[in-house]
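Novice: Below are the features I grabbed from Swiss-Prot:
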type: BINDING; residues: T11, G12, S13, I14, Q39, N117, E119, G199; note: NADPH binding site
type: BINDING; residues: K118, S144, E145, S170, H193, S206, N211, K212, E215; note: 1-deoxy-D-xylulose 5-phosphate binding site
type: BINDING; residues: D143, E145, E215; note: Mn(2+) binding site
Amino acid sequence: MRLGVSLLGSTGSIGRQTLEVVAAHPDRFRVVALAARSQIDALQEQVRIFRPELVAIAQESLGISFPDTRVVSGPGGLVEAATYETADIVVIALSGNSGIEPTLAAAAAGKTIALANKESVVCAGPLLRDIQSRTGCQVRPVDSEHSALWQLLQLPHRPAEIARVILTASGGPFRDRPLEHLNQVTPDEALAHPTWRMGPKITIDSATLLNKGLELIEAHWLFDLPFERLDVVIHPQSIVHALLAFVDGTTVAHAAYPDMRLPIQYALFYPERVASTVPPLDLARIGPLEFFPPDTERFPALPLAREVGIAGSTYPTVLCAADEIAVEAFLAGQIRFTEIVPLIRSVLDRHQPASEPLTLEAILAADRWARSVARELVGRAIRHA
């Protein structure tokens, strides 16, 4: 039987690679819904090839581009695609906070979710966990590090036997650049990630290491891991993706070439493993593997994200929203690379968190507030430049 796949964020980097995996296994999967916010030409080509039953787009006026397919639009369209009746697996590959509501809707509908949207867990982790406990939905992480950790945690063990959980980070393109030169970094330089092929937002987050900080928060909620057991190491080769250290001194590692098709395929096929077009790992050809502690002076976003994760409430939402605005401003040449994290911290310092318990409405309100404040701070930076 072929499983129906609903793919949200189909024209982005993860979305395109998901369709590569699906296309390689036409006997196992069929695309029943596609959703995208932009790149309509690319979406039209995807619709022509995969012939989904439903297409969700940002603007209703663009529906004329798909005359032979049922079209829905706006945030409600994303939710409809995420809960589509014939979808067995919902792949959430949206970038940013737009992924939160459809992820929660898919979970409430009891769908199996292949999740590549960090914000759904970082901002709404408590809500997602609560819905999972009620519906029994399965969330399969697509991020390479969390996929690796998910696989490691399936090894026989008792929770008390875990001493440390370690996520790796490449260190991005500036891990060796002199600190005094970081304020001269250009957007093109920051977008040149040494190992991964990703979209622009996550590539900049990888350069600041905020991405890894968000992954610490994500690991906390996905796997119920306390922050004091979560660590990060710099691993420039991006071959080892996660490590599990046990109390007896043993450490097990997950290693693979840095290719997103591997975690995508694992999430789609789980618990089955099938042959991949990615070559098997050849450690002899790779040569030395290096590991270093992160330099928090170079990467202040990492301890900031940990601090935010521990604080909880709507602080993670403010972190993510302010980061989106700061990254947009950097890519537009409005602020320096070294101003990204200070701008985010300034927004966090102004935030008054929502009262408990956390709600979707509080998350969305905090998101709007943080974006407004971040834009105001960007405007001030431009005026004083």
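The first residue you see is number 1, and the count goes up from there.
Cβ coordinates come from backbone N, Cα and C, glycine included.
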Novice: Out of T11, G12, S13, I14, D143, give those binding-site residues positioned within 10 angstroms of K118 (1-deoxy-D-xylulose 5-phosphate binding site), comparing C-alpha atoms, in sequence order.
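Specialist: Checking Cα-Cα distances against K118 (1-deoxy-D-xylulose 5-phosphate binding site), the binding-site residues within 10 Å turn out to be D143.
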Novice: Sorted by position, what residues of the same chain at least six away from T11 (NADPH binding site) have a C-beta under 8 A from it?
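Specialist: Long-range Cβ contacts: A36, S38, Q39, A42, L43, Q46.
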Novice: What same-chain residues, at least 6 away in sequence, bring their CB to under 8 Å of the CB of G199 (NADPH binding site)?
Specialist: G12, S13, I14, S95
Novice: In the same chain, which residues outside the set D143, E145, E215 have their CB within 8 A of the centroid of the CB atoms that define the Mn(2+) site?
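Specialist: Residues close to the Mn(2+) site, other than D143, E145, E215: K118, P141, S144, H146, S147, L149, L167, N211, K212, E218, A219, H241, A242.
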Novice: May I ask which residues of the same chain, at least 6 positions away in sequence, place their Cβ under 8 angstroms from the Cβ of N211 (1-deoxy-D-xylulose 5-phosphate binding site)?
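Specialist: K118, A169, I202, D205 - these are the non-local Cβ neighbours of N211 (1-deoxy-D-xylulose 5-phosphate binding site), listed in sequence order.
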Novice: Cα distance, N117 (NADPH binding site) to E145 (1-deoxy-D-xylulose 5-phosphate binding site), nearest Å?
Specialist: 13
Novice: I'd like the number of other C-beta atoms within 10 A of the C-beta of N117 (NADPH binding site), please.
Specialist: 27
Novice: What three-state class does DSSP give G12 (NADPH binding site)?
Specialist: coil
